[in-house]
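What Swiss-Prot says about this one:
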- G239, P240, F241, G242, A243, G244, K245, T246: ATP binding site (BINDING)
Amino acid sequence: MTQTKGIVSAVNGNMVSVTFEGVVSLNEVGYVHVGNARLKAEIIRVRGREAQLQVFEITRGVSVGDRVEFTGDLLSVELGPGLLGQVYDGLQNPLPLLAEKVGYFLERGVYLPALSRTSEWMFTPHVSVGERVVRGDVLGYTPEGALKHRIMVPFHMGDSYEVVFIQTAGTYRVHDVIARVRDAQGHEHELTMAFRWPVKRPVHCYAERLKPTEPLVTSIRTIDTFFPVAKGGTYCIPGPFGAGKTVLQHSTSRNADVDVVVIAACGERAGEVVETLREFPDLTDPRTGRSLMERTVIVCNTSSMPVASREASVYTGVTLAEYYRQMGLDVLLLADSTSRWAQALREMSGRLEEIPGEEAFPAYLESCIAAFYERAGVVRLRSGEKGSVTIGGTVSPAGGNFEEPVTQATLKVVGAFHGLSRERSDARRYPAVHPLDSWSKYPSVLDARAVAYGRSFLRRGAEVEQMMRVVGEEGTSMEDFLVYLKGSFLDSVYLQQNSFDTVDSAVPVARQKHCYAIVMRVLGSVLAFESKDDARAYFSKLGHMFIDYNCCAWNSEAFVEKEKEIRAFLQGESTKIDSEAEGIIRGME
């Protein structure tokens, strides 16, 4: 700790004004003394000899004249082996250990180390004495679950160093010295398996930043096919309350084709975090065959926890994600919900008496949101390997109003927009991603022409539906009515997905391509019916057959039989296919 001390001069909610003597810096951590407790706080503004601190605890009992001590360190997290499978709060306190120490009701001023000081890790050296290393270079390895965890030179060491000592292979604790390095001035530095890094400072220990192009497979048809996300990309899921944002994120976290998932639950209901904690240990990661919890880190600040630490939780989550990216891994960060984070910013901005922007959010809201999403990306490390951080954030606009500031600021910086619709969720069309309002800048797992052909039916079908509401079904031509039925068919059998069915909840890319080719045959078929009732009955029967087909295990006997039945049904009504659709299908097959 530094020798800088201060005393409380004013208290306003969870913001404390402190008069100090000495040197302090923005985002530095300080502790406010209240009786026997020390409340953690962060400097958010410095003016002359007075600083404003946001306290990460309830400030009940804090009074003018209380002592404040400053640490000289920025708000930071501990990085090292043992992060996977943990549940932290926004300040990286392990919540299960906190519960053991103080019970289920959190006490103020209790902080525990993020990484276990007693656990031992099998260390295998990667460098030899005499080699030169820089920050981010690998010193050795230790197994962490199914991953090969890299022990790296701390990111804050900006010089080039010579290795003068490296431990032999064996078991060590996280704070045992595993290497010593010498800088250009001849000073030696001891290195351990763990180090600290400020949460609001992006990690730049890489050779090159690349453009995200490789699709991130989520196993959700509507996302992978129509509104894809790339590894290292960004996307947002805005939607009204109860539209299915959290369920969609949970499905993504279970099935996404990534190595590590970081869930930052900032300001959401505690029940949703509890659901994750109950489900994930029992679920199997299809890539490794191990428990899903072994690849997951949860950073949760629920709505019942102090508001200030919500802001810290998203930064804590993205810093942990960047750490695993430096190991050449693909990481997915899910922030639920960024609206609560923005509300925490608004609350603190109001207490600082700053000039408010739209809806009382701070004027710098857009730059804060942009700086957060810019920490996503694909990078090429110095070793030549690639790592990525993909950020997906939910937005909870009041009343589902997408024109509010948080949604608009997010739309300017993300690469994909998965807008959830109240109309679709009320109709139980899940996932309730609106097929016309949503968009993506990333390449799909399917052929672009096939996707465009399907979207044309969704768009034209919606136009016909609007027309039918005015003139009725009788005033609609058979040609338009068939376009409407084909659009509804595509929606019901491909866009909608049953997240509670063991088969339909996760659809591999090979199956998506195979099934979409059959859907294309339906969309491109030239059909003739005597009446609209016959057309409706035909598509109703075909839709039910396809929904049963979706629930058959991929390449199983039931799957093959159901596909034969569907193809025979299609052949019975029409063998002629539109030339454009036929060309696309031939290219897909």
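Backbone N, Cα and C atoms are what each Cβ position is placed from, and that goes for glycine too.
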Among the binding-site residues G239, G242, G244, whose Cβ has the fewest other Cβ atoms within 10 Å? G242
Say we define neighbours as other CB atoms within 10 Å of the CB. Which of the binding-site residues F241, A243 has the fewest? F241
Test of understanding: give the count of other CB atoms lying within 10 angstroms of the CB of T246 (ATP binding site). 23
Secondary structure of K245 (ATP binding site) (DSSP, helix/strand/coil): helix
Shell of the ATP site beyond G239, P240, F241, G242, A243, G244, K245, T246, same chain only (C-beta within 8 angstroms of their C-beta centre): S396, L420, S425, A432
